[in-house]
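Enquirer: My questions will all concern the structure given below.
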Amino acid sequence: MNYRNLHAWDVSATRAVEIQKELRSLIELTPLTDVELVAGADLAFPDAKHGVAAIVVLNISTMRVVEQVIVHETVNFPYVPGLLAFREGPVFLKAWQQLRVLPDVVMFDGQGIAHPRRLGIASHMGLFLDLPTIGVAKSHLYGSFIEPPNVQGSYTFLYDNNEVIGAVVRTKVGNKPLFVSPGHKCDVLSALKLTLRCCTKHRLPEPTRLAHELTQKYKHVGLFG
DNA sequence: GCGACAG
DNA sequence: ATCTTGTCGC
């Protein structure tokens, strides 16, 4: 699977929804194995027409940064709940091209299969990259659940009728839980396990948290700094 | 018709 | 996401 064969980004919202329906069957929910390099991606928007994307790669054993890249690009697609990949995907992929190492899995700031059409940004990008991906959202989009206990590491499952599509995880006491769901080539438990392993001392997992940190600095320095 | 709605 | 100061809590 290569992203060049999937579709173009410059499409209407209606077409975007059709594309998601066409791609959902391609998602593979297989267990995650032999993970060493974990990447985290995040986006920021300095103004209405530009987006900044950062990717930070960590060695899961040492939790040290192996590589990080950051790029900026003009954005056209507006933010529409359910169509996040069409707004952030292009900038993310530009950053991805700058990466020298190949991560074993990528964590995104958004949903995986916990999406109306099972194609959150993590799932969509997973197909483009043909790599395992995980969606780690800071808030709810789709699925039913009960609030997990206010205890570090506790979690409940996210359901779509009787199907488990993700987990609601309390990574930090007193804070809102995270909505974790597999994107591609990963299953719910693998996504849950890796996410908890990356949440060392903050609510967000290190990969995504560090990428966000980078993106914010870059945004304040300016597009040319 | 009404409420929900990743970033 | 972004605009923004002080402020409550561990």
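Even glycines carry a Cβ here, placed using N, Cα and C.
Annotation comment: TrEMBL describes A:D42, A:D109 as Mg(2+) binding site. The site 'Interaction with target DNA' annotation in TrEMBL covers A:Y79.
Give me the local environment of each listed feature.
Expert: A 10 Å cutoff on Cβ-Cβ distances gives A:D109 (Mg(2+) binding site) a total of 24 other Cβ atoms nearby, all chains included.
For A:Y79 (site 'Interaction with target DNA'), the Cβ neighbour count at a 10 Å cut-off comes to 11, with all displayed protein chains included.
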Enquirer: To the nearest whole angstrom, what is the C-alpha distance linking A:D109 (Mg(2+) binding site) and A:Y79 (site 'Interaction with target DNA')?
Expert: 14
Enquirer: Helix, strand or coil at A:D109 (Mg(2+) binding site), per DSSP?
Expert: coil
